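As recorded in TrEMBL:
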DISULFID  CYS208-CYS229  disulfide bond
DISULFID  CYS307-CYS328  disulfide bond
DOMAIN    43-155  domain 'Ig-like'
DOMAIN    162-257  domain 'Link'
DOMAIN    263-352  domain 'Link'
Amino acid sequence: LLLEATLLQLASGSHHPFYNGFYYNHIMNDMGNGQDKDYFNGARLVVETSKDPVYSYNGANVTLPCHYRYEPDLGDKRKIRIKWSKLRDDYTKEKDVVVAIGKTYVAFGDFKGRAHIRRTSRHEASLVISDVHLKDDGKYRCEVIDGLEDENDVVDLRLQGIVFPYQPPRGQYRLNFHEAEQVCQDQGAILANFNQLFQAWSEGLDWCNAGWLADGTVQYPIRLPRKPCGGEHLAPGIRSYGPRHRHLHRFDAFCFSSALRGEVFYLDRLAGMTLEEAKQSCQDAGAEIARVGHLYSAWKFLGLDRCSAGWLADGSVRYPVVKPRPNCGPSEPGVRSFGFPSKGRFGVFCYKER
């Protein structure tokens, strides 16, 4: 009896209609009693973004396309609300980017001054991001809200870049998650995400040491299965330790760097330089000593090829080889490392912003 009475009350009471994917026009009635009515107008709101990823790079400007329409077309409508959010890879959390009504918009957080909505056509709601940052990589939701209608679609922004494994001077497996984040930032990079590591693996990255990723998992890419790297019986792929304790567990780091906003160049003296002399030489040239991420990016995107070893900001000595040749290390292209020598005199790689 109680259930029947509740259902009767709901059926007779004033309430909004059940949302079924169609548009309802909310207006006041003409009875003067303050009660509202919802009239179904038979139109459906559709929101569409790019089905393919949108590619960009560090420091560039990028547009994430988004358009909406009504089926059937209703002509000019009242001002709608547009909201862009950045999603986690698992869609469990989002961060506000921009909210707009008409020509008025507000950008949030790190997107202030860098993001706005482009409205060059009647039904456009594209997001423009200027001076793209490394951490802008990811999924974005375009949401259009019109009265009771609320539709959205998701577009993937991917930065063109390079993943490199990193160990600190004190050796292998010394970094907890937060330290891994910091060392990547110190090298002009960020912790890589899984998609970036997978892309690097598909391009040939093979590394047997486990490292932190941006989501707090620990993984490593294997192209050639072997006994010390999970066993010979396993297929090539990304090996995963799953999520690890971010304070207690210690591993290496996989860092991600994108295209440079400047240039990397090499300086040397006949007798070489100590690390401190190398830093001063870069400053004298109007630059700074390059970081590891700078060198990897210059090697990948600018074709930097140098068979001479040079100091980097973290105290390591490395050199980039695009065209392998005798006396320049292994037969594959790559960035060679001499580790962190406590003594010795070398050249230096400097970095200068454009």
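Backbone N, Cα and C atoms are what each Cβ position is placed from, and that goes for glycine too.
All TrEMBL annotations are machine predictions without curation.
Values in this document were obtained by computation on a predicted structure and should not be read as measured data.
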Chain-internal residues, separated by at least six, CB under 8 A from CYS307 (disulfide bond): TYR319, VAL321, ARG325, ASN327, CYS328
Neighbouring C-beta atoms (10 Å sphere around the C-beta of CYS229 (disulfide bond)): 19
Secondary structure composition of the domain 'Ig-like' (43-155) [DSSP: H/G/I, E/B, coil]: 6 helix, 62 strand, 45 coil
